[in-house]
Amino acid sequence: MSIVLDFNGKNLAKSKTMDLHYLPAKIDGDGEANVEQYFNNYTREATECGNGILTNSLRGYPLVGEQLKVPEQYRGLVLQETEKSINKSIDRQLRLTGVFEEFTYWNYDKVPSNGDAYRQALLMADVGQALTQHISEQDLEAEIARNKENTKEHA
Amino acid sequence: MSDQEDIEIKQENQTVHDTDEKDKKHEDGDIKDTCRISSLKTLGPFIAAKENSRNTVYLSDVPDICKDKPCMLGVDEAGRGPVLGPMVYGISYCPLDSKKALEDLGCADSKQLTEEKRDVIFNDINTKEYATSCIGWAVEIISPNTISTSMYRRSKCSLNEVSMDSAMGLIQQAIDAGVNIAEVYVDTVGPPEKYQEKLLKRFPSFKITVAKKADSTYPIVSAASICAKVTRDHALKVWKFPEGLVIKDNAFGSGYPGDPVTKRFLADHIDLVFGFPRLVRFSWSTAENALADKAYDMEFDEPDTDKPKYAGTKLTKFFKGTTKSGEVIRDECRFFKQRHLGNVMDF
């Protein structure tokens, strides 16, 4: 089984930019939502908590959040699958419904910090970078030379 | 040449604009001014001009006599039980020897008074010279949004705490405004002793009386109660839904969970994702139950209640890590685990 991303990477710039919220809740539903009237209408700045800190609430639960950019050199994509086949051997197809450069990150009654799972998980970007970086012959030799140098010093 | 023309036209426009504004001010009189409440008529516009998802505090002018003579101050609330709309805390104060003015106003148990009678008394408090010269008042409108978010905080804040904080905040504001307070009378729903203790701690120099049904016993509490009740009623009347709902005459009933009109309002205005408009107190079980059946299930990351207790390294730890056949089970690398990163083959 494979997953097909059904869009042309060159057209990303022309795609619709979306207004997204990262919510600290699991919502057991899928569909349209009156985000503008029921939520965005109530977003307020809470400068007393820090620069750029926002407040709102969801079903009465207090939220504290901030506007975040996707990591540098990354692009935010919203993909949708019309129908997930029960048959696992059939190829899956994901369509592009929008792109985003930033989104609003929300915590449940907690000012966003480096302790947030989201911020910690972003380290994946660095790990990915390290794993995929091209290493040339010269880089390798330089590294070996450095290691030798170190062992000598310690000896 | 053309420059001059331009200027002339501008000036003309300016004057036209000016007269327009003057006319408007003249027509609407004091209603246009939404910063002060000077009569019953100005209460609605004042509330309507504020954000209804936040709390609003209003203090009347302090009569000069209240700054000199020792005063009594009454505290009461309105709209504690309803699932809809704000809860309003009210205080009123007057010199100890101005009881006559309270009696003339007809301040008695506010629940015994009709809505019309309360409106009349509220208007009198703000317009009649014999009242404005010696009686001052203040209210805090605690928005339903604030009530929900306080009660749903990670460390829950009960409605009683919200209430007491509001009451003490209002008293403090009266002190700051220069009111010479000597005696404080508070109406309470819960046990009076705890409340009294807390108030005495914060305001040790006052004679403080906390009692059930104080609004029928003490006219000054009754006056506070009227201010609170009238404010709550008007807050509901002028409620505008940022959600864009329009309800004819804002007819959503008393807001009490038993009221059939309120029940129907709740049943008819459920949003699958967001639940209710923020007129509703989400933290009321009536609201919770209504959503449990009709809206999407929603689960928040709740505070960790049972913290793992560390009791030293377990002996059995050393037998873990291999299966019976001797295969080594590899734990996920801690570095990745702590950062919530893991392998995903299927999603």
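Here the Cβ of each residue, glycine as well, is placed from N, Cα and C on the backbone.
Here's what TrEMBL has on this protein:
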- B:1-29: region 'Disordered' (REGION)
- B:7-29: compositional bias 'Basic and acidic residues' (COMPBIAS)
- B:70-296: domain 'RNase H type-2' (DOMAIN)
- B:ASP76, B:GLU77, B:ASP187: divalent metal cation binding site (BINDING)
Other C-beta atoms within 10 angstroms of the C-beta of B:ASP76 (divalent metal cation binding site) total 28
For B:ASP187 (divalent metal cation binding site), what is the tally of other C-beta atoms lying within 10 angstroms of its C-beta? 26
Within 8 Å of the centroid of the Cβ atoms of B:ASP76, B:GLU77, B:ASP187, which other residues of that chain place their own Cβ, given that this set defines the recorded divalent metal cation site? B:VAL75, B:ALA78, B:TYR89, B:GLY90, B:VAL186, B:THR188, B:ALA214, B:ASP215, B:VAL221, B:ALA224, B:SER225, B:ALA228
Taken over the domain 'RNase H type-2' (B:70-296), the model's mean pLDDT: 93
In the three-state scheme derived from DSSP, which category covers B:ASP76 (divalent metal cation binding site)? strand
